[in-house]
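> According to TrEMBL, the record shows the following:
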TRANSMEM  A:12-32  transmembrane segment
TRANSMEM  A:44-67  transmembrane segment
TRANSMEM  A:88-111  transmembrane segment
TRANSMEM  A:151-170  transmembrane segment
TRANSMEM  A:182-203  transmembrane segment
TRANSMEM  A:223-247  transmembrane segment
TRANSMEM  A:268-289  transmembrane segment
TRANSMEM  A:317-343  transmembrane segment
TRANSMEM  A:355-372  transmembrane segment
TRANSMEM  A:392-409  transmembrane segment
TRANSMEM  A:430-448  transmembrane segment
TRANSMEM  A:468-488  transmembrane segment
Amino acid sequence: MQDRPREQWGTRAGFLLAAIGSAIGLGNIWRFPYVAYDGGGGAFLVPYLVALLTAGIPLLILEYTIGHKYRGAPPTAFLRMSKAAQPLGWWQVGVSFVIAVYYAVIVAWAVRFAGFSINKQWGNDPDSFFFNDFLQVADEPGAPTSYVSGVAWPLIAVWVITLGVLLLGVRKGIERANRIFIPLLVVLFLVLVVRALTLPGAVDGLNALFTPDWSEITNGSVWVAAYGQIFFSLSIGFGIMITYTSYLRRKADLTGSALVAGFSNSSFEILAGIGVFATLGFMAGAAGVPVGELATDGIGLAFVAFPEIISNMPAGALFGVLFFGSLAIAGFTSLISIVQVVVGAVQDRTGIGRVPAVLGAGGVTALVSIALFPTNEGMYILDVVDRFINQYGIALAGLVVVIAVSWIMRKLPVLQRHANQTSAVPLGGWWRIMLGLITPIVLGWMMWDSLRTELSANYEDYPTSLLISAGWAVALGVIVFAVIMSVLPWKHGGRETQPTEAGEEAKN
Amino acid sequence: MSASAIVMLIIAIVVVWGGLGVALLLLRRHPDRPDEETQA
């Protein structure tokens, strides 16, 4: 098999922007503000920062170091770590595939809503417009019976652009796209925040978000929420940064970059909290209700609450374009990184070039996404898949990886030495304690908490058949996929090219 | 805004944005060494 030189990032800044673009996603804008508000407002800052420093950044550094040391997307990286660990890598690839197929749909909605904002097409009833007119959601969960072209065409466009960027490669595609989109995202969002802060009632929103309720500090579920927010927001646990750092130069810094990416992600979240709650404060004042009555998160916040606010706001059209444009860009740069995990894994294990890997693996991902989600059942499927792949894909795989690396393979000392060879911030014993002890305990706690909820009642009261087919079957299916892919006789990549710590160039 | 909300807003901004600033400074002071054999 012909070995190609491994692709590389052009510059450190380019890599950092791509890493930040991957970390900043939909969750920063539509999840953090509500989680913080719900978890004690200003007091939430304490568990949040503790979670960032004791789990978020240590895990980010772990992914950076694995990708850089073993020079491969997750299956190859874990195979090089230990032959038996390859399924962990494929598990992450499977999770990335599943997330990519529905994440792209939300980006497509955001693109459409940026357009709808111009003439406030949702009219007087944004809720009905979103679910009935735009998504054409069926009354009951079941088998899809109709295809929704209004969702399909922006989704196809999102996939064409995403695969187009990936076709251009790491440097000319991913890096260049992030060099354009991340500064653009920051500028758009700053304009949005300034506008939100100048609205009447903005102060009430900020009061609601930042007034501390210290009694929440002793509430265990607030700590679970803080760790969950950090974990999902940083996009750790499904191999993105393992893939991205495998394209770094041999002598590249790891820990300093991870700190910059981690703090950039949180900085953007704080900004999003200010922007979202200032806006909610305006609406609460206009409607004469307390801010807490309007506070919500996720799809309901973005596609129902915000359109209503935009309709009530002077120059709302501009605000709408800024908000949905930011959402689309934040989602798009994350989507690129998620699909790259799948593409990179196929490239590394088969030895095929980027173009066939993008068209093959990326093409299949796009086709599944386009076939399944622009249907009248797409919303139900998305909701259930999202819930189960987050809990029993990302978080569970994260837990298993941390235990396997720290306790079974006992690789933390080797990885620590590797990171310290080139990094700005030296790792000490604290890093091993965070990963070997605190992170597994917290992730295990999150898992237990989530399983308990799952078994006590059906998620969102959905029928059990839907939870089995779109939830449990998908989460378990990814694990079965990982095992099958690991036993296939790949002809390329892996143990024969195990790089040494001296840092010589890996072969593939 | 209430005093406690202002204090928490300031703390959030100083800690998180300050953390970003410090991380950027650390990274700037530690430029990557060039690889001996650079590959494209």
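Just so you know, glycine gets a Cβ as well, placed from its N, Cα and C.
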> Check the transmembrane segment (A:182-203) against each of A:88-111, A:268-289, A:355-372, A:468-488 and return whichever range has the most CB pairs under 8 Å.
A:268-289
> When you scan the chain for residues with a C-beta under 8 Å from the transmembrane segment (A:468-488), skipping those not six or more beyond its ends, what do you find?
75, 86-91, 93-95, 97-98, 380-381, 384-385, 387-389, 391-393, 396, 459
> Which of A:88-111, A:223-247, A:392-409, A:430-448 has the most Cβ pairs closer than 8 Å to the transmembrane segment (A:12-32)?
A:223-247
> Using a Cβ-Cβ cut-off of under 8 Å, list the residues of the same chain that are 6+ residues beyond the ends of the transmembrane segment (A:88-111) and lie near it.
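Sequence-remote neighbours of the transmembrane segment (A:88-111) are 26, 73-79, 134, 151, 154-155, 157-159, 162, 237-240, 242, 299, 302-303, 324-325, 327-328, 331-332, 334-335, 338-339, 341-342, 345, 365-366, 368-369, 372-374, 378, 381-382, 385-386, 389, 393-394, 397, 400-401, 404, 474, 477-479, 481-483, 485-486.
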> State, in range form, which of A:44-67, A:151-170, A:317-343 has the highest count of Cβ pairs under 8 Å to the transmembrane segment (A:223-247).
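The listed stretch sharing the most Cβ pairs with the transmembrane segment (A:223-247) is A:44-67.
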